[in-house]
Amino acid sequence: MTVSKMTWRPQYRSSKFRHVFGKAATKENCYDGVPITRSVHDNHFCAVNPRFIAVITECAGGGAFLVLSVHHTGKVDPLHPKVSGHRGNVLDIKWNPFNDFCIASCSEDSTVKVWDIPPHGVLKNLTVPWKELQGHSRRVGLIEWHPTANNVLFSTGYDYQVMIWNLDSPEAVIKNPVRTISHHTDVVLSMSFNTDGSRLATSCKDKKIRVLEPRTGNLLQEANCKNHKASKVLFLGNLKMLLSTGSSRWNHRQMALWDQEDLDVPLLQEDLDGSSGVLFPFYDPDTHMLYIAGKGDGNIRYYEISSEKPYMHFLTEYRSHTPQKGMGIMPKRGLDVSSCEVFRFYKLVTIKALIEPLSMIVPRRSESYQDDIYPMTAASEAAMSAEEWLSGIDKGPVLQSLKPGSRVPDSYPELSSGLGSKGLGNSLGSRRSQSRPGQLQLAYIQDQLGNKECRSKTSVSNGQDPTLCSPPKTENELRLKFHKQQEEIRRLREMLNQRDVRIKQLELEINNVRNSQDSH
């Protein structure tokens, strides 16, 4: 009698991100005492760029949000000035991807407002926006910037309309969007663009996922899956796939993967757990990593996505005892490449009035720049103007290297040649933000040094025009000026360190050339 044995062969998948781990910031590197909003909307409530962090706050009589320097960690002054121009609660905020000093907000007062943040932060309450967009008849719940066209903003509200706005319009109050998309029969729950902005995916309260052509508003695909009630939808970069998170027929939290060209049947469905909080998906197209964070959860699951079956590979999860109400994400150009950081969250912890940075790190022994985990990524330069996009042109994003000292080619000269202070502000803002925090472009630093040499030696300007350097009147202003001065000193030190490293590299190259010549 022969006994058959079942052979088991484990299949190992090689991956650079197999051991990615989450590292929470220490208490002194968190933002403490922030009055985070108590709104029940399923939005992120937080927006981050390499210069500022913005968070929607709880306030009486209208809506407001807080804008802090990313380096202004520790205890936040309860009287810190706010951006407070809305008459109703603020529901969503998003930074302009091509201007680190421009942020859009939408509110229950049925308006969208676009704000110019002063270069050194909000030193007094900001109530007058740069642009006000009036078109929705009910409260506005979501806004999204176009990923490659400059100054194109999308908004959607409880009137079920998706509106497209051209902010290059000269009016301060814009009442007519360039296009209105009216395919939805209920509230739009999320919006997501593909890489070049030629497709817009939406999830809706009517349980349907739609893929639209954003410029014309044409409906390209529609999914009506009875087994999956989607709440959030996300384009997965250039993989031509969509990911949706929601709930199953039995109210289990669920993920579904879709082919963007065929939404009849999902490629993959996976139940996660029986909790009730909304699942926020975040995708990094550079590493093909997907992060799933549940509202009210303390953990974040992460996966690696591939274009072939089984499509999704679970890596591990970050666990924490502090539940998150919302999440902000730092753009890739703001990450710390010296510590192999590939993603950074900003967790809103309402019960502690705390914003906690959380870095996702690839463990590497070498301290040198790791080319294999930092491919070319989206830069802070727009690929085209709003007029070009509206005329029918689609362009992929301008790419940059995250390697310290690298420069981004000016592929969009229209930004810098724009007339008026607004055009100059856009150009300067995007130029300032091309590197990660703590590093500025060499040309910009040289400009700053040149400007300082021309100033009076007795004026302490901290990088500002001397006419703007009035003495601080309050303890809060004094603290802000101190932080700015420390930041300036730190940046100049890093610039000097970079020059020292470059000098050593050149000396080694010279020695190598001499040795090779001597050997010949």
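A Cβ is built for glycine as well, from the same backbone N, Cα and C atoms used for every other residue.
The domain 'DUF1899' feature in TrEMBL is assigned to 10-74. In the domain 'DUF1899' (10-74), the DSSP tally of helix, strand and coil residues is 3 helix, 24 strand, 38 coil.
A Cβ distance under 8 Å defines the sequence-distant neighbours of the repeat 'WD' (83-117), meaning residues of its chain 6+ beyond its ends; these are 37, 39, 41, 43-52, 54, 56, 59, 62-67, 125-134, 136-145, 147, 150-151, 153, 155, 157, 165, 167, 331, 378, 380-382, 415, 425-426, 429-430, 432-433. Summarising the annotation, TrEMBL assigns repeat 'WD' to 83-117 (among others).
Beyond the repeat 'WD' (133-175), the same-chain residues lying 6 or more positions past its ends with a Cβ under 8 Å from any Cβ of the stretch are 41, 43, 88, 91-98, 104-114, 181-182, 184-193, 195-197, 200, 202, 212, 214-215, 217, 378, 382-390, 394-398, 412, 415, 426. According to TrEMBL, the feature repeat 'WD' maps to 133-175 (among others).
Per DSSP, the repeat 'WD' (181-222) is made up of 0 helix, 22 strand, 20 coil. Residues or ranges marked as repeat 'WD' by TrEMBL: 181-222 (among others).
According to TrEMBL, the feature region 'Disordered' maps to 401-437 (among others).
The compositional bias 'Low complexity' feature in TrEMBL is assigned to 415-436.
As annotated by TrEMBL, region 'Disordered' applies to 454-475 (among others).
The compositional bias 'Polar residues' feature in TrEMBL is assigned to 457-467.
When averaged over the coiled coil (475-516), pLDDT in the model lands at 81. The coiled coil annotation in TrEMBL covers 475-516.
Summarised by DSSP class, the composition of the repeat 'WD' (83-117) is 0 helix, 22 strand, 13 coil. Beyond the repeat 'WD' (181-222), the same-chain residues lying 6 or more positions past its ends with a Cβ under 8 Å from any Cβ of the stretch are 42, 141-142, 144, 146-149, 154, 156, 158, 160-164, 229-235, 237-238, 242, 244, 246, 258, 260-263, 285, 389-390, 392, 394-397.
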